[in-house]
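**Student:** Quick one: structure below, then a few questions.
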């Protein structure tokens, strides 16, 4: 965990669904130096509940995302607890009153940071895992002239109905806890957060991951140790119930088709993307299945589908095992050279 | 719903984990007539939360399970609310005090019904869906000389770790509701039951089922209509929280290897099966995946793996669509002719 990050403030930031944040704050961290031409920037947004330091596993001098070469900006999502969120916004938009934020809003805020604060007019790439993948697609749809490449991994441009159902379960787990108090809690509804963790556990890794007991490779002694030590720990690690529900709403409503001008037409929005893309679902991802990305890629002008093989499921994109990390890094290196 | 069923009582029924039910009651219904030789009986146990009338879709004069020909016994599982269960057992083993029941126990109780009450010494077949499949495997392991055929569909002989994790989420959803009161509720914890329904929803049908919005074929107008109308309705339809948790424990601990004599050796238990078998996982079942059944079949002496094709996932075996029902019925017809 680190607190060495910056805040960019946008005054009177009006969201797509109508609410206005008087002082929208984007917490971000950068890696490397922006060159004189301002032509070496890469944006790498965060994922559901993730913070910038949880993206760092893919950044390094030995990696495609080399800070000696690129200026890498990791903006934290609105709702993640560092950027404007239920947990840190003053009244009246505090806690459960925090407004609905779309992926489009997220990317528009990031675009202000990138263009107004840094004066950057072109991006080498936008990449991300999971909801970060969704933001990558959105960047390419919102700013087609600006984004040269995208590499969305384990995510989608539109949240599928099945994915919405999975998230309904996460939501139900949190809100079923009486201590949630309709979002007006003073202390976290930890029972609900632990239940949400158990919901997530079955989805995050594939059936085969559990069959092969790969959690032992991660240092957990037993299945229950993994459920408590990894999963419950994950949901209790400075997360906040309202924040999780805010990001969950964002996720459930993800759809590049809802970019102004596309009238909800997901396929048309995908067709409008000009960026070169490598779209990387994981072979056994249970909520961003390969079939969905095959479908999305079929509408894109210059996109390759490249499946991350193996049994880690969605968490193939979490930087938890060397093989998948190397696979993603290699694809990124290739894309950056195109 | 029907109440035209019988009760068979077993006095002082000692369970595998040590508790003794003074009056264990097996609720069952039969279809057709037992022939003079008592050689035409088929046992068709129920599934998680299912009741005998919810098995009837596969029984009929136009079906392989023809009551003109076979004597079909549908025993309700201990814990399902009709057979001895938390909800209907007097103190001291009432409600949350109801003991843990294994699949082995379930089948031993059914065996007493079949042999002592009906005097049946051979079974044409044991078949079942989901936990009913688990009981089919268990019958073949517990009574290898008695069971001529099994047709387990969408189930397994041992509950996988991933499946255990999915069930942890169902359990967490129910028990997170403060109204659950550690099982000492007077009225059902409906919030928890609804949350459990939402957990289940993502697992019961495949990603593609939702992608194709097949719930509309079932008469639901929208995704939310399906979640409330079908799923929450399912969990509120005279189910009981303690009953659900009792059956959940049974499911999580399913393993034919725990039959006395096998010392937990799942593979050895599978190898001991003498029954002819067609094992039928569904192509897109998310918690009883095809791979697991391929593995189990590899240890059996006379078993064929036959995958139910299509996108209905686990609920391919619920009798909800004609195509899957016809596929299962045809396999059953074939097996019965062997």
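Note: Cβ is positioned from N, Cα and C throughout, glycine not excepted.
Pasting the relevant annotations from TrEMBL:
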ACT_SITE  A:130  active site, nucleophile
ACT_SITE  A:285  active site
ACT_SITE  A:314  active site
DOMAIN    A:63-205  domain 'AB hydrolase-1'
**Student:** Same-chain residues six or more away whose CB lies under 8 A from the CB of residue A:285 (active site)?
**Tutor:** A:154, A:206, A:313, A:314, A:316
**Student:** What same-chain residues, at least 6 away in sequence, bring their CB to under 8 Å of the CB of residue A:130 (active site, nucleophile)?
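**Tutor:** Long-range Cβ contacts: A:47, A:48, A:154, A:155, A:288, A:314, A:317.
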**Student:** Reduced to three states, what secondary structure does DSSP give residue A:314 (active site)?
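**Tutor:** SS state of residue A:314 (active site) = helix.
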